[in-house]
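Listed features, source TrEMBL:
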type: REGION; residues: 1-37; note: region 'Disordered'
type: TRANSMEM; residues: 95-115; note: transmembrane segment
type: TRANSMEM; residues: 121-147; note: transmembrane segment
type: TRANSMEM; residues: 168-194; note: transmembrane segment
type: TRANSMEM; residues: 200-225; note: transmembrane segment
type: TRANSMEM; residues: 232-250; note: transmembrane segment
type: TRANSMEM; residues: 270-290; note: transmembrane segment
type: TRANSMEM; residues: 302-327; note: transmembrane segment
type: TRANSMEM; residues: 361-383; note: transmembrane segment
type: TRANSMEM; residues: 395-414; note: transmembrane segment
type: TRANSMEM; residues: 426-448; note: transmembrane segment
type: TRANSMEM; residues: 469-488; note: transmembrane segment
type: TRANSMEM; residues: 508-526; note: transmembrane segment
Amino acid sequence: MSYDEEKQYSGHSSTPPLDMEQKHAAATVDIDSRGASGEQEYQGTLIKQDNGILSKLRNIEAVMDRRLGVESEAITRKRPDEREPLTWRSQLTMCLLWASGTMNLSCFATGFLGYEFGLDLTQSILICLFASILGGAVSGFCATLGAATGLRQISCSRFSFGWYPNKIIAALNTIQQIGWSAVGCITGGIALQAVSNGTIPIAVGIIIIAVISLVVSLVGLKVILVYERYAWLAYLCIFIIIFSMTGRYADNTTPTALTGADLSGNVLTLIAIVYGSSASWATVASDYYVLYPATVNRSKVFILTTLGIGLPTATGMMAGCVVSSALNNRPDWLAVYTAPPGNQIGYLIQTMLYPRGFADFILVLLVLSGVNCNILNTYSAAISCQQFARPFAKVPRFIWTFLCFGVIIALALAGRNQLLAYLQNFLSLLGYWCTSYCVVVASEHFIFRKGDFGNYDLEGWNDPKRLPLGIAAFTSFILGMVMWILGMVETWYIGPLGKLIGATGGDIANELAFAFTLSYIPFRYLELKYVGR
């Protein structure tokens, strides 16, 4: 069925959509009804089954799906009859989903980096606002692919990266989502430690946050969408409270001591970090739109997603900018923040808000803000794992979720005492590869597919023979990666080109990645000419 046919189907179909029991019957086959050969014919298709461990696990998942809706066929393309009608609530979710996932303690902590880099309050706020919206726009474009194709984000990129190179994208995306979840666990653990007056170590707090995130992410997309639709409101109120209680102490008069190339270098590095925070959602964006009708207005999806990611992220970061600048006027806050081992953001929040009981209440809510972010990351990480290879797709999503859960805990425990360094290195790295990813996907869509989903062979999304070879995408992506290395600025490495800007370097990896990944366009013309697909 072509995309145009699906639009007509989804908008004017006379065939009623399948109910839940019919969907589960189509997705699963009863083990007891198999023949002696282990094969069964379903709607003309011969389905081979076995009695191995994977078969048993998938049947367990199917039972969980019927009872809890855990999405036993998560990576399968969603067809028109599986979509949900477009309502005003579902349209609001396009924005509020991301607001709940981004307005959290991690963004608040990222806002302190401008202070750490020696920038003044005005500079830090402007960078956080505009770089965050720019990164949100990258994710907003990717979100428009979900409803139109019915495919998860990593599946969408098969139409440009091809079957085999796209496995690299799936692996990078898994690493990215696990890393983000580790950030959420660290910040949540820091808040729990503060609210318990140190009786709960950060390590224990990390495990608690990870377990809560695991439970919610297991239940599937529908429950996640409902939860995230409302969770944002509590955190908006929290940041308004932080602004109102700390704004009077903000230092908006002391200019930065940086000048010339040193100033430019630090500005570029902060832009890379903030941009990377918002752009990092690009590789999962369409995951959360596959249940929308194919006829949904894509401009609306882009605008609401961009604003839903960019503005809430900027709000949390700007709160961090205000509080960090206030450290110049409140030596008592500075003493709390710099107490060993440093970056004591949890105790700082406890000190700057009053009364004490109210501050502890705010910290408890901020603990849960890490859960909001982790739910999305853990869910999408498991889906990416299923796309490493065909055998991996046979492993149920809930198994991958458990495996990701273990890696998240290990990573968070390793980085728990170096939060700001972790954020500086991790977020900018996310921006690099997401920039290259988006350049390839957008070039394919607008130049080679003419911006028309009717030019996509949606039925062939899971067939290597009907997809591009991915030579052009792989070559341009590698070329972009070389430029990341030359232009990046991390605490552990500064590229030779980045090193040329100021005393501490200036991060220009995104700019270089964007420019050189555009080589996809001539490479793709050659691929189409000599390969034909």
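Residue positions begin at 1 at the first shown residue.
Even glycines carry a Cβ here, placed using N, Cα and C.
Predicted automatically and left uncurated, TrEMBL annotations should be read as such.
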Worksheet item: Residues sitting near the transmembrane segment (508-526): Cβ under 8 Å, six or more positions beyond its termini, same chain?
Response: 160, 268, 272, 275-276, 428, 431-433, 435-436, 439-440, 443-444, 447-448, 471-473, 475-477, 479-489, 495, 497-498, 501
Worksheet, complete the sentence: Lying 6 or more residues past either end of the transmembrane segment (270-290) yet within Cβ distance under 8 Å of it, the residues of that chain are 78, 94, 97-98, 102, 107, 110, 113-114, 117, 119, 124, 127-128, 131-136, 138-147, 149-154, 156, 169, 172-173, 176-177, 180, 221, 224-225, 296, 301, 305, 309-310, 313, 317, 376-377, 379-380, 383, 423-424, 427-432, 434-435, 437-438, 489, 507, 509-510
Worksheet, complete the sentence: Counting only residues at least 6 beyond its ends, the same-chain positions whose CB falls under 8 A of a CB in the transmembrane segment (121-147) are 83, 94, 111, 114-115, 153, 156, 250-252, 256, 267, 270-271, 274-283, 285-290, 292-294, 296, 298, 301-303, 305-311, 313-314, 317-318, 321-322, 324-325, 431, 434-435, 438, 441-442, 445
Worksheet entry | Cβ contacts the transmembrane segment (95-115)/the transmembrane segment (361-383), at least three under 8 Å, sequence gap 6 or more | yes
Worksheet entry | In contact by Cβ distance (the transmembrane segment (395-414), the transmembrane segment (361-383); 3 or more pairs under 8 Å) | yes
Worksheet item: With an 8 Å cut-off on Cβ pairs and a sequence gap of 6 or more, do the transmembrane segment (200-225) and the transmembrane segment (395-414) reach 3 or more such pairs?
Response: yes
Worksheet entry | the transmembrane segment (168-194) versus listed stretches 232-250, 302-327, 395-414, 426-448: most Cβ pairs under 8 Å | 395-414
Worksheet item: In the same chain, who gets a Cβ under 8 Å from the transmembrane segment (302-327) while lying at least 6 residues past its ends?
Response: 91, 94-99, 102-112, 114-116, 120-121, 124-125, 128-129, 132-137, 139-141, 143-144, 232, 235-236, 239, 242-243, 246-247, 249-252, 274, 277-278, 281, 285, 333-334, 337, 348, 352
